[in-house]
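For reference, the structure is listed below as structure tokens.
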């Protein structure tokens with residue numbers, strides 16, 4: 001008798017042709033909503049169209065349909081990203097001085113944009129060195145291209161075309177997986193399989209293939225470039241991949257192939273998989289051999305992580321079990337029910353992912369300057385400042401987005417009847433304690449951090465420098481930060497005996513790396529000035545968290561409005577006849593949180609910009625004397641509010657204000673224009689709906705008089721629309737002003 005194991009049941013995970021492709025449908029504005037599809041009666045229609053076009057929850061209640069729309073939209077997003085990348089590479093191929101920069105990256109500035117003199121604006125094409133005139137770019141693409149082994153503009157062309165092909169492929173995939181073969185809900189909820197593919201596939205194999213590229217292509221090409229070989233003489237990437245002898249000339253252990261791997265004699269590979277620490281003195285970037293080693297290690301970790309969860313084979317972790325086992329003696333039911341929340345609410349899922357990605361983006365901002373990963377990045381001060389600022393802003397927006405979607409989850413997806421005594425329920429039940437304590441912390445930090453500055457301004461104004469908090473009078477040294485710095489500076493000799501230097505030169509230890517007479521990085525001293533501004537950071541971050549967390553915890557109900565959940569995510573007030581209930585919706589908390597996020601990030605990027613110009617960036621003489629851009633004035637000037645205004649904002653804005661008539665004049669115009677956009681926002685934030693409705697009605701009267709009245713009735717913006725337009729212009733104007741101020745300054749002095 002033959003006993004067979006039962007045949008595995010094949011689950012059909014897609015529906016065929018669920019939604020027909022219809023261009024007529026797409027051409028009808030608002031086809032996703034009965035009300036909007038009727039067309040406009042009033043001008044509010046266009047606002048509703050924009051507000052609801054991507055709010056898939058408002059189109060349908062069917063979770064499967066919502067999931068498919070989100071999934072399909074992701075392919076569209078990827079298509080746009082590939083298109084953008086293709087454009088970047090195309091500019092590098094067609095309009096840039098990449099090959100010239102590659103031959104002399106210390107004296108030639110990167111440029112990939114040449115202004116066409118259509119209206120006589122050719123003055124913007126500044127001399128970036130090497131006889132090339134164009135706009136200096138600060139995105140870091142040149143440094144990435146060099147690190148990845150791109151040596152010619154032809155290679156950039158090919159990559160640009162490849163990215164276009166991928167963009168088309170993604171567009172097709174988005175259409176295919178919604179209209180032709182749409183996944184079933186069960187597929188979206190199969191978290192273990194998803195973890196398997198995302199961890200082992202995307203992150204594991206992705207890192208492994210990148211490590212392979214770095215070892216076989218980037219390392220040899222960069223070795224030649226560092227030695228001063230003409231890029232045209234360097235073998236092409238495929239020659240290194242196909243011809244092992246070429247690599248063996250640079251790294252002799254390559255001649256032995258995979259033998260050392262299988263005989264566990266891994267130290268043979270230490271030539272190109274290193275653990276040195278510190279920066280390469282030739283390029284001022286991390287050792288590329290360290291980076292290759294890192295990606296190999298990360299790949300192994302993620303390949304293992306991706307195989308820990310139970311998929312088709314009945315072994316491994318079950319995520320639901322892990323979450324339900326996760327409870328301590330004081331946490332009631334713990335994470336019971338969290339699995340159901342995260343598999344049925346995309347908003348809950350998104351909130352967690354945005355919070356983590358936002359935090360990670362801010363971590364990236366801090367590592368890009370302290371451990372500059374690409375060759376010649378550290379000495380390109382404009383790019384360093386831009387990368388820090390960019391990643392800080394993005395991180396701030398993502399974290400506010402996390403709070404927004406957490407609140408939407410609370411309003412739309414949270415079911416209080418099934419949740420009892422789990423962690424979320426317990427947090428909600430003592431939300432008053434959380435918010436009131438957080439409020440106390442904010443008041444304490446605000447008064448004390450600001451108070452230290454006010455004290456210093458007062459003493460300075462009264463001519464009593466000996467009574468100020470400063471490194472030369474009453475010291476407030478950041479002793480914990482200094483302790484962390486020293487621990488890390490001493491680490492290589494203690495915890496990592498194989499490493500020749502610490503993870504970052506910023507920790508201390510006296511090393512300085514300079515490339516082409518410019519400082520790449522050196523130990524960053526921390527003193528009283530940093531202690532003061534650090535507490536301003538603590539204050540602004542805590543206030544942002546207070547506003548956002550209050551919005552989430554009180555999204556469904558509060559003492560003021562017990563039935564808030566019925567009013568939805570955004571509403572202006574709790575109806576007529578209930579005074580004092582405006583600006584309480586979860587949306588309004590996001591709105592207010594954005595302003596404090598803007599405050600918080602502004603102080604961070606100002607601190608960074610001035611600190612680096614004062615204590616890190618500068619030139620080094622043949623005798624080894626470092627001259628910093630602002631001559632080390634941060635420690636004594638930034639300890640008063642007046643100092644920030646006088647020696648940072650005013651002194652450093654001279655470049656942007658005096659840029660007219662030079663190649664930086666576009667930044668001068670942007671500086672002016674962005675101030676205007678910012679001021680324009682105040683018109684929306686400080687005036688009410690009724691004011692505008694009155695004005696509109698008298699304008700409509702005039703149109704009627706002349707018989708030119710439109711069929712669509714004009715309406716004033718609703719309260720929420722006005723605030724949305726206001727905060728958008730406030731942030732756009734503020735960020736663009738900062739951008740123009742930073743870049744004009746750093747391009748002229750850096």
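Note: Cβ is positioned from N, Cα and C throughout, glycine not excepted.
Annotated features, as they stand in Swiss-Prot:
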type: BINDING; residues: 573, 582; note: [4Fe-4S] cluster binding site
type: BINDING; residues: 675; note: chlorophyll a' binding site
type: BINDING; residues: 683, 691; note: chlorophyll a binding site
type: BINDING; residues: 692; note: phylloquinone binding site
type: TRANSMEM; residues: 70-93; note: transmembrane segment
type: TRANSMEM; residues: 156-179; note: transmembrane segment
type: TRANSMEM; residues: 195-219; note: transmembrane segment
type: TRANSMEM; residues: 291-309; note: transmembrane segment
type: TRANSMEM; residues: 346-369; note: transmembrane segment
type: TRANSMEM; residues: 385-411; note: transmembrane segment
type: TRANSMEM; residues: 433-455; note: transmembrane segment
type: TRANSMEM; residues: 531-549; note: transmembrane segment
type: TRANSMEM; residues: 589-610; note: transmembrane segment
type: TRANSMEM; residues: 664-686; note: transmembrane segment
type: TRANSMEM; residues: 724-744; note: transmembrane segment
On a simple 10 Å Cβ count over all chains shown, which one of the binding-site residues 691, 692 is most densely packed?
692
For residue 683 (chlorophyll a binding site), what residues in its own chain, 6 or more apart in sequence, show a Cβ-Cβ distance under 8 Å?
726
I'd like to know which of these binding-site residues, 573, 582, is least surrounded, judged by other CB atoms within 10 A.
582
Decide whether the stretches the transmembrane segment (531-549) and the transmembrane segment (385-411) have at least 3 CB pairs under 8 angstroms, with pairs required to be 6 or more apart in sequence.
yes
Paired segments the transmembrane segment (291-309) and the transmembrane segment (346-369) in contact, 3+ CB pairs under 8 A:
no
Counting only residues 6+ away in sequence within the same chain, which have a CB under 8 Å from the CB of residue 675 (chlorophyll a' binding site)?
733, 737
Distance [Cα-Cα, Å, rounded] between the residue listed as 'phylloquinone binding site' and residue 573 ([4Fe-4S] cluster binding site):
19
For residue 582 ([4Fe-4S] cluster binding site): DSSP state (helix, strand, coil):
coil
Taking only the Cα atoms, work out how far residue 573 ([4Fe-4S] cluster binding site) lies from residue 691 (chlorophyll a binding site), in Å, as a whole number.
18
For the C-alpha pair, I'd like the distance in angstrom between residue 582 ([4Fe-4S] cluster binding site) and residue 691 (chlorophyll a binding site), rounded off.
18
